[in-house]
Number of protein chains: 2
Amino acid sequence: MKIATTIKEVRKQVADWKREGLTVGLVPTMGALHEGHASLVDTAKEQCDRVVTSVFVNPTQFAAGEDLDAYPRDFDRDCGVLEAHGCDLVFHPSVEEMYPEGAATFVELRSDMTKQLCGKSRPEHFCGVCTVVSKLFHIAMPDKAFFGEKDAQQLAVIRQMTRDLLFGIEIVGCPTKREEDGLAKSSRNAYLDAEERKAAGILYQAICKAQEYLKEHLDTEDGKTESQPVTELIKDIIGTEPLAEIDYVDAVDGMSLLPADRIGDGDLIALAVNIGKTRLIDNFTVRK
Amino acid sequence: MKIATTIKEVRKQVADWKREGLTVGLVPTMGALHEGHASLVDTAKEQCDRVVTSVFVNPTQFAAGEDLDAYPRDFDRDCGVLEAHGCDLVFHPSVEEMYPEGAATFVELRSDMTKQLCGKSRPEHFCGVCTVVSKLFHIAMPDKAFFGEKDAQQLAVIRQMTRDLLFGIEIVGCPTKREEDGLAKSSRNAYLDAEERKAAGILYQAICKAQEYLKEHLDTEDGKTESQPVTELIKDIIGTEPLAEIDYVDAVDGMSLLPADRIGDGDLIALAVNIGKTRLIDNFTVRK
């Protein structure tokens with residue numbers, strides 16, 4: 001496994017691979033890798049000849065007061081994970097490499113999609129994501145790029161950006177990996193103390209109950225049901241956990257991410273909950 | 001010379017060339033080609049193995065009330081010009097091909113550079129330009145792209161966007177081509193009637209006088225001079241032409257395009273003047 005810190009090195013390696021007719025998969029990450037990331041690399045290995053993983057904590061997707069400085073960083077450990085999963089090239093640039101002095105160009109999806117869910121409390125977040133992902137696409141020129149379904153809104157935004165800007169890159173979403181109690185794997189889980197970690201299990205418990213509810217309540221005719229009882233059910237369950245403070249529990253159209261009064265196959269239920277000072281997100285797609 | 005109307009065709013052709021190890025030059029145009037465009041193709045031919053020219057009147061760089069509908073279109077004639085200059089592939093997409101239904105992602109340089117000069121009266125213009133040029137870069141994946149120095153602000157904005165977003169594409173600026181009386185070649189010159197066409201010569205007359213003035217007035221110590229007398233001189237000369245109405249005559253730093261009280265080698269004097277209903281732009285770079 002090669003490690004590159006400069007754009008030039010990545011371009012050269014990718015150009016060499018392309019000349020050999022090899023396909024390239026890109027797994028963009030912010031490091032602090034867990035099994036979710038590892039599964040992205042595994043999927044990329046299955047679908048592409050060569051896999052590039054970027055490890056870069058992108059400052060422009062954090063707002064002032066968010067956890068940019070605290071975000072966990074352990075590059076040596078990350079390299080161990082990536083090597084074990086057959087990653088071919090790790091790209092670990094400095095902030096200056098990704099944002100040259102005076103850099104002021106941004107990529108922005110100007111649609112209501114970015115104003116829902118996490119966009120309500122993080123209005124600049126997805127512009128930062130689109131900007132850095134565009135840069136990574138320009139550097140690695142992948143055939144496919146792999147993102148976790150845990151960040152459902154990020155995945156939807158990147159899908160649309162990639163389509164809108166005619167990148168010609170296939171975006172592949174990969175299922176959420178979970179801990180034994182169902183908590184979605186996240187680098188931010190490291191912030192939780194023992195008590196909070198236990199409390200965090202309430203998110204998945206609520207999701208499971210909502211899925212059970214939906215199994216019984218999807219209308220036999222149009223395959224849909226009112227969304228409010230489902231989101232209320234989730235809110236009620238999470239409300240039983242004293243350490244949990246709900247940011248949002250929303251039911252949205254699976255394509256546009258706009259609020260949906262009735263939901264059915266393919267639509268999304270997404271939630272953000274603060275456990276202590278740690279903001280956790282999770283979601284599931286409604287299935288018939 | 002091949003003609004492609006779909007992105008897919010361009011990608012396939014470019015991929016074939018790249019597999020052969022050939023370099024690709026891109027000349028983005030809005031058609032209505034003149035000798036200025038032809039010289040871009042000539043330069044691209046000199047510097048690259050294969051040349052792609054796009055002919056696309058980009059709607060997002062026109063504001064409501066501007067000349068999108070009136071903009072001259074003559075694709076057959078354009079193809080004749082391109083064939084004669086050795087262009088290898090013409091990309092002539094529909095609006096729907098470049099802006100898929102629901103497309104809402106934009107590329108924006110958020111700096112004061114876009115607020116000067118033409119940006120003052122056309123605040124959304126450069127966002128439209130950056131967006132369409134990004135798309136063309138994603139489609140044609142050129143090694144180099146060629147733009148006219150006549151659109152000096154566009155060239156500066158695209159240089160910065162390309163650098164900021166880490167495109168890895170070299171931007172080549174090519175000198176302005178002029179008519180016999182010095183009027184800068186422009187597709188919009190076709191809007192001028194005989195009387196206006198004659199009046200339009202005043203722009204270049206003013207530029208020449210300003211260059212003479214600068215030759216005599218650049219300070220022997222710092223190589224600079226006060227910019228206001230130069231811009232006033234240009235305004236006075238253009239003011240003698242009853243059909244001309246000045247939008248701006250500005251002296252700006254050659255890199256940042258910010259207003260410069262003193263100007264010297266590499267700085268820019270740029271102007272926009274309405275002749276009747278036709279908005280013409282021109283500029284020159286100060287040289288020692």
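Quick reminder: no glycine exception, Cβ is built from N, Cα and C everywhere.
Copied from TrEMBL, the annotated features are:
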BINDING   A:30-37, A:148-151, A:185-188  ATP binding site
ACT_SITE  A:His37  active site, proton donor
BINDING   A:Gln61, A:Gln154  (R)-pantoate binding site
BINDING   A:Gln61  beta-alanine binding site
Note: in the chain of A:Lys185 (ATP binding site), residues six or more apart in sequence with C-beta under 8 angstroms of its C-beta are A:His34, A:Glu35, A:Gly36, A:Lys150, A:Thr176, A:Lys177, A:Arg178, A:Glu179
For the residue listed as 'active site, proton donor', the same-chain residues 6+ apart in sequence with C-beta under 8 angstroms from its C-beta are A:Val27, A:Thr29, A:Thr53, A:Val81, A:Gly148
Just how many other Cβ atoms lie inside 10 Å of the Cβ on A:Gly148 (ATP binding site)? 22
Position of peak Cβ density within 10 Å, selected from the binding-site residues A:His34, A:Lys150: A:Lys150
Do me a favour and check the Cα-Cα span between A:Gln61 ((R)-pantoate binding site) and A:Ser187 (ATP binding site); whole Å is fine. 15
Need the DSSP three-state call for A:Gly36 (ATP binding site) to compare against my parser. helix
Quick one: pull the CA-CA distance for A:Ser187 (ATP binding site) versus A:Gln154 ((R)-pantoate binding site), whole Å only. 16
How long is the line from the C-alpha of A:Met30 (ATP binding site) to the C-alpha of A:Gln154 ((R)-pantoate binding site), rounded to the nearest angstrom? 14
A:Lys185 (ATP binding site) falls, by DSSP collapsed to helix, strand or coil, into coil
Simplified to three states, DSSP reports A:Met30 (ATP binding site) as coil
In sequence order, which same-chain residues at least six apart have a C-beta under 8 angstroms from A:Gln154 ((R)-pantoate binding site)? A:Phe126, A:Val129, A:Phe147
Using DSSP and collapsing to three states, where does A:Gly148 (ATP binding site) fall: helix, strand or coil? strand
Under DSSP, is A:Gln61 ((R)-pantoate binding site) helix, strand or coil? helix
Applying a 10 Å Cβ distance cut-off over all chains shown, what neighbour count does A:Ala32 (ATP binding site) have? 21
